[in-house]
Every structure is written in structure tokens, then in C-alpha cells.
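Participant: The structure is given below, and queries will be raised subsequently.
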Amino acid sequence: MEHIRLPKVEKVRLLDRVSPRRSRVGTLYLTATHTIFVENEAAVRSETWVLHSLVCSVEKQAATASGCSLLVRCKNFQVLHFVVPRERECHDVHLSLQRLSQPERCEELYCFSYKPNVDEEERRREWDFLDLKADYSRMGLPNSLWKLSPVNQHYKVSDTYPADLFVPQSATPPVIVGSSKFRSRGRFPTLSYYSKENHAAICRSSQPLSGFSARCLEDEQMLEAILRSNPRSDFMYVVDTRPKLNAIANRAAGKGYENEDNYSNIKFQFIGIENIHVMRNSQQKMLEACELRSPSMSDFLEGLESSGWLKHIKAVLDAAIFIAKRRGSVYWFTVQTVGIALLRCNHLVGDPKEMSPVIDQFLECAWQIMEQFPCAFEFNARFLITIHSHVYSCQYGNFIGNNQRERIALGLRERTHSLWSYLWKNKADYMNPLYRPDHRQTEGLLRPSTAPYCFKSWRGLYNRFDQGMHPRQSAEDYLSAIQEETQQLEDQLASHQRKIAQLEQEGGVTWGAVAFDKSPTAWALGSDMELANTPQDYAGGFVTSSPCQHKAPEGSLLLLTHDGNISNGSDQESGIADVSCLSPLSEDSARDPDSDEAAYSAA
Amino acid sequence: MEFAELIKTPRVDGVILHRPFMPTVEGTLCLTGHHLILSSRQDNTEELWLLHSNIDCIEKRFLGSQGRIIVKCKDLRVIQLDIPGMEECLNIASSIEALSTLDILSLMYPFFYRPMFEVLEDGWNSFLPQNAFKDLETMTDEWRLSEVNKDFSVCASYPPLVAVPKGVDDDTLRKVATFRHGGRFPVLSYYHKKNGMVMMRAGQPLAGTNGRRCKEDEKLINATLRPGKRGYIIDTRAANVAQQAKARGGGFESEANYPQWRRISKAIERSNILQESLIKLVEALNDQSHNMDRWLSKLEASNWLTHVKEILTTACLAAQCIDREGASVLVHGTEGTDSTLQVTSLAQIILDPACRTIRGFQGLVEREWLQAGHPFHQRCAQSAFSNSKPRQEAPVFLLFLDCVWQIVRQFPCSFEFSDSFLVLVFEHAYASQFGTFLGNGTAERVKLSLPQKTVSLWSWVNRPQELQRLTNPLYEANSLVIWPSVAPQSLLLWEGKQQGGGGEVTTHERGPKMRARSVGPTH
């Protein structure tokens, strides 16, 4: 609380990013956890909530006659442009937000203060929801080839690895420890995925500290053990996810890659995924293209091309396919990027250079595959977007800390809530109605095409808050509503049949007396159909309006659903996870009488 | 002329057919006057029936004594035929070339095609102007159906019956026709029931360098304005293009002579540029390098999506003027037969829920494209693969369908038809057993007696079994105006179009269905 210099500012304007004329005037509140903007003269109370931990930068611009601009950029790609009437106030808000969005101590993280209405026992159960050991036993482990090794029990061998690790049966502790000393950060080769069907395994590790000529007998033995763990294969692939040049350059720093002469029966393959610095720059450029104000098609495509982002996404997917295709043999991975960088999200004050979009890329790759196989995934794109938000929101304990050791030290299991359980409880929102596990083409291995034209820019994530850009109707939501309706009718039918059977047993049925009560749920979409949306700016000047603004609380979408401790407006927030922001059509002409005039003034 | 003269080798055995994403088929290749047929002569196997008129170009290659013909179709499919024997291959290739470039309308397949299905409703009579006018009469009495063009003497590209303001007589229309490009005087395109505003279309005014004016023209379009109201003229050309048109006798409505109208210039490209764009796009799609940078830069250089955006934006603007501004609109470019029709027809999709049904869309294509005089024969004579110098070819209609698809993507529950309906219409516009898209306008269709001698595509479509296949199961009538987003992020590449052929398929689960249909005859 001591960081809030100014809890409330009035007459603040929130500018519409694409159309400055559609700004809204209201009051800005700073709380311990959120920035809240409440619009003054809206027919429906309209609030924008932004979690402090989602704020990635706050920029104060020079004061002008109309006020002082404050640009708040969020990690979920929301950009808020406030204009605060007095510079002094703007200065205070700026400093407060800067401090609030960059907690200095772990205890300040939102997950430690986030207290939904859940009792302690239930909270503890949340963490049991996802059990990694169960996941391994689904893969059929441990078995005669792979065993659980206690070697990293106290994080002595590798502090970035978890305590429970699977290694080949023949790998002895001295071999493991020896191998770990030859690897960056002690990340020795360990099992990531095992296929029951053909004994093929995916292992991962960091790069070897080979320099120009160093070798390590234990490391060679370790790889030999992995090779032998698949009795059906006499060689294995070693996949280095870096471009070859980077790997060669690293030799000068005493690191590098495996020398094929020292390891028997390995096939070495570089895949060419760029390092996190390149990725970060690329993502930044891609976001700039997505944020352009009324760009032409060429502006946008040029921006997309020069960012190289889709090229990197394709490279990651190509790598995944390379590995999936070679399931027949044992292979393992030098996950230089994925493993280490996965959780560098800069929750605390730190060097922003350490931030990496690797998790973004993973989620995007999943989305690109989903686009090609709409029936193969049980979840929908909203599921991926929600995970993305929470990787950065610090609301749940799952993504806090960089590794298991840190997470245990922070007592996350004891003090915070788990996202997976939240997602599971709200699974109705994240189910893909098209999911067909028995589909011929989606059974087992998917074979996505990586022809360049199969890749799309993920509007749903990167332009998530530009509501005018999204489809106005969602076939998936429509189908989900139908599925729900059908289920209810079937339940009703069953209950009526039971009643009939009962009455028949009692004898003397009077059919007319059976009243058919209509299903209580109204067609969610039917009612929204009555609403109209508004046109965009088609005349080339200002965009007149974007639809769906009447009730969509854009800021805190999906993040605040159980936020009980802020009484103000939490009722409206609680319904956020419904389809309101994705609903087909909405009328905002009432609140936007000047939209057309605005459009033509430019014509 | 006998087709037999052009067929050097009517039959070759042991030909292997390769199609992307489908199993290869070995069989007998037959050439008939209109079709290339490949059949394995076994039960339950698919036969390939390809209209010669669908072939855009062929490429020959030789591997030893084995010949290979790559057939590239106007509907963007690409197939490969491996033919044993060099001579057979050469004969087949030259026969296909001769048959596929026959440019005599009366020899086209629709004149020879006899339907194997029962015609429930003759599509030629389904969308007559007089019927459309009856609907209009239930809404307003301010318009009349003029027969001034009954012998096509006033405007060669108009149908015999057109709707004009009631207070304007035929003599005035004749005078106006002399002042508009191609005699295309302003006619009613759409009446917006909600507020009584109208959309008209025309050819450019022939103002010339000395700024000729025509009082009758002014009178005609002013007759559509409510007292004290202003209207909008949407010129589909960039301002400088409209200016330059004056030197060639064309031009635009000057503010002095049309004080009640406000002109808006939008830059929709002309046909030869659109054709080049399609060629570049298809080239990019078939690029084998699998390089992302190259793809994006080629996609951008093709400008295809730029054209989609521009056309869609202009249509939205026209719709916005009518629905939101409560103003009447006149749309024209130069001839009034291409970009004008893209804009007027898309605006109706946006404004009028009826156009979003299967039947309503057919009516729209009839009214705003076929009867409105879009020269289909000239525009669709060649497609993206053709090597010969383009004459008047342009994917004007394909761009319209692409724009419709973009709106469908944004409102997936508001259209009665599915993607495959749009693909079907696209394919039949380029090559068909039906007479619907033959010729360049009503005059030519009447001269060729198409309604008597050929079958209409709509006769085939409007049968329960076909309709069922083309229906969008998610459709729920939406009586509202639908405003699409035209942001670059909102516009996508239409996959269905490339699935017809292209190299590869993007959406695996939907692909096979679409391709299976496009192969083989429809009877």
C-alpha cells in the first residue's frame, strides 16, 4: 500500500488505440493489485481492470494542453493509453505503477495475496490435480529400461532440474554425476517422453562443456546407456536446437556440441532455432506490426515478414516434426532454449533481457497445429490464451520461480493456488466442441503441414484487445451452446421417461397433466443476435468504432473471476469468462452517435 | 467442324494419374470432344472427368520414352499424367492444347450436355428481373420497370428490363445513356427497406476535357434523393485515374453540376493488374522452397489481399452511407461492369440478410453480375497458369467471392451456405457443363438461346440433395446489417480456393471432401 502515491484520479481519458476520437472519460483507481478505470457516463457500468503484475512497461509522455499521456503496456499485449489532466497526478500514477508492477520481493507477488473463496483443504487438493508421477506411469514408467533416479533429490546435481528424474536402468550415480559436470548448469541427459509402443524415448539436456577438444567418459557412457535403453535401435539422433554457427561459436567459451568421434552410433542434427535474444527482438517487431494504426495490407505483411516471427515459429514446428517422424529410434535433445528459458518471465525486477518469448512460441505452435486440425484438440484457443495470461499474471503459483527447487523454497504449494485446477473447474469454457478423439485423421500422430502459407498471424493472442478485428460470431461457441442445450433436453427426456414409467406403474395415466416445462436456458446466442454491431472506419481516416465494447471488461478478461476481496464491481467481472467478448453481434450505436460523422469527415 | 479432327489419339492405356494428397490411379486415358477422362475401369473407383475448357495450360516433360503432362486448371487444380510412349504423349498434348483453346461459344460443352437429373425448377426462370421488381413493389412505388432497352439498343450490356425512378421517362433514359460509358445509365441496384435509401450503379459520365454536362442525367439521379438530402457518389477509381479519364472522353460528376452529391474516390485496381496479382499469388502458393520470408514477401508483392481489403472497404463504405448516413448512393468506375459490381454486390451482402441465403445469393449473382453485364466470357477465358498474353482476363468475380468468404469467416453463423458453395460458384464461372456463365451479357445469352439450349447451374443446385450439401449447418437467420472488419489481421487467405488445386492442402480435415467433389462429372 505504501507504494500507492495517489489512489484515485478523476477526469482521466482512456483513448481507443485505433480511433482516438472514441476515448472514454472516467476515474482511475490504483489498488494494491489492480489499476481500475471506471467510465463515468456509460449506460452500462464499464470497467477496465488491469493486474499490476501484467504490466510490462509504463511510459509517461510529455505533457500537452489536453493533459499528460500515460502508456501502459501489458504482457498479454494489451496497451492502454490514458490521458491524465494534470502532470503532477500523471507523475504520481507513473511512479506508483512502476513500483507496483515490479515487485522487489517474492512476497509481493500477486499469488501470495490472491485469496479466492476456497477453503484450505480444497486449495491443497488443487495442487494434487496434476501429478507428474501419474503422467509417467501413463507412459508405462518405471519399467525394465528406465528407472526413477534419486540422484537429484536435494538439487545437488542440477539445481534447475526437478528432484524426480528418469534415467536408463544401466546409468549409475557416478556416471550421472560425471555427465552432469560436463553439461551446462549440470543438466545431464534425462528422459522427457517415452513411447510404450516402440520404446523410443526423447531425452533432453543442456550443451556439453566440450570446448574444442574436451571429452568426458561418463557423458559418453551416459549416452551409450540411453542408446541401449531401446533394444530395437542401434543408433540415435542427437538434435541440437541451435543454428550450427551458434554452437560452434560457443566452443570458444568452453561449451559447444558433442564430437561425433567420441560418441558411438549417434547421428548429429542441428535444427537452427535461434536463441532467446533473437526471438525477443523478433517478437517485438511482430508486435509493432500488429499495433500499427490502420495499416495497409502491405505495411502489415512487410512488418510481419521483417520481424521473422513466423519463420521462427515454423522452425520450432519443423524441429518438432523432425523428432516426431523419427520415433523409431532413440534420440535426445539439447534443449538449450526450451529447458532453461521456459520460465524466464521476469516476475521480479530484473534485467529485461532475460525475458523470453519461448512459452509464447510453444503456445503459438500448439495454436498453429490446432488451426490445421480443428478436431484433434480437446481444448480451444481460449485455453491457450488463458494459460498465456497466467504465465505472466503471477496469480497462480504454477509459473512462479525458475525451477522446482525455487518453487519449493517459496512454499508455492502451501501458499498459492494452482491454475490447472482453476482451468479444470471452468473447463466448459475451454472445451473444443469439435473434438473427436476417434477421428481417423487425428488419431495418434498429427502430421501438420509446414508449408509457409499454412502459418497465420495469431490475431486472437496478439490483437486480443482489438475487439473490432475478431470474427463477430464464433462457430465453436455456437456449437458448445447447442451441445449444452442438447444435453439438457436429453436429461429432461430421461427424467420424463422415468416419470412416465412411474406413472404407468401406478396405473391411470393422464397424459394431459404432464406439463412440458421449457428448458431454463435461453439461447445464449439467440438473444445476442438481436444486437447489431457498428461499422469500422471504411473511409480511411478514423475508425469509427469497434463492436462489443458495451459490456466486455477488456482489461482483466478471465483473470479476475474469483476476485472476492474487491467488492467494487466484482459481480460484473464474475461473468467474464462467458462468451460476451466473443459473442456474435453487439450494438453500440447508442453510445456512439458520432461514429458515422467521424468516418465521413475524413472522406 | 468435327472434334474428331482435333483428336489425334483418342485413347491411351496404362496412364498414371497423380493428384496432390490423393492416391495415384492407373487407367485408360480417353479424349472426347469436351472431356479428358481417366478411368481405371474398375467398379467403385473414382474416374477423372476434366472439361477441356477448364484447362489453363499444360506442360510436357519426357523421361526416356515416358512422357509426362502436367495439366494446370482454371480452377487452380494441378494434376499430372504419366503417359507411356513419346508419340502418344505428344499427340495427347497437342490434342488437349487444341481442344482447350477452342474459342467458339456455340461449340462449348453446355450446348451438348444433357442433364441426368430431374430439373425441379428451371434456373433460367428463377431470377427474372420482373420477379425481382415485384418484390420491390411491395416496398415502394417510387420505381418503375423500363423496357427502354428491350432490343439492347440503348445499352448493349444491360438486360431488357431495368428499374429506374418512376418520374423519369424512357426518352430521358435514352439521353442519359449517351452521356454514360457503354450506355450504362444509372439504374437501381438495391433498395434498403429499413430507410428507403437506394444504391444505383452506372458507367462513368462522359464529361470529357471540356466538362460536358447532361441535365437529364442530373435529373435522373436527383430524382432518387429525398428533399434536402444529399447523396454519395462512390467512384471506384483513384482520384487521379478519374481525372485522367477525362482526356479519353470519360470523367466524373463535377461538384458544380451535382451539388447535392458528394463524391468519394476509392482505388480499386483495374482488371489487368488484378490478373497479374492472381498469377503472382498462385505462383507464391506453388513455391517449393518452403521459405517463410520468401512466402511472405511474395504474398505481399502479389497484392492480392490488398485488393481484397480495398474492395471490401469500398463496399462497407457504400453500405455505411446507406444504412448509417441514410443517404442514397451511386456507384461507378469506368465501364461499370467490374469494380462497380464488386462494390454493389458486396454492399448487399452486408445490408440485406436475404443475400446471405443460398437462393438469395444466386439471385444476387444473377442480378448484379450476369444481368448487370459482367463480361464473364472475357474475364474467365484464362486463369492463373496461362502462358499466353492476357487479353481481357481478370479475376474480378473471384475477388468478389473471396471478399464474401472473408465476411463468412467473420460471421460464420449468418450465412446459409458453406464454403463449398462459394468454391462451386467459382469453378463453374471458369468452366462448366451449365450455360449460366457463358457469354458476356444478356444480349449475347439471348442471341445464343442459352435458356433454351443449355441447362442452368441453378437448376442443378436447387435440388434437395445438392442444397443439403451446400448448406451451413450453423446457419441462423440474422436480420441485421453485418459489418466486417477490414483490418489486415482480419483478412485471411482463402484456403478453399487453393484447395481446388494449388499444391497442397492446408486444412487437412476439410480438404478431401472438397476435392472429391470437384473431380468427376456432376451427373
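Every residue, even glycine, has its Cβ placed from backbone N, Cα and C.
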Participant: Can you dig out which of the ranges A:424-443, A:484-503, A:544-563, A:584-603 TrEMBL describes as region 'Disordered'?
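Facilitator: That would be A:584-603, the stretch labelled region 'Disordered' in TrEMBL.
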Participant: Which entry in the list of binding-site residues, A:ASN275, A:ILE276, has its Cβ near the fewest other Cβ atoms, using 10 Å as the limit?
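Facilitator: Output over binding-site residues A:ASN275, A:ILE276: least Cβ neighbours within 10 Å is A:ASN275.
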Participant: Given the model, what does the mean pLDDT over the domain 'Myotubularin phosphatase' (A:126-462) come out as?
Facilitator: 80
Participant: Taking DSSP three-state, what's A:ILE276 (substrate binding site) in: helix, strand or coil?
Facilitator: helix
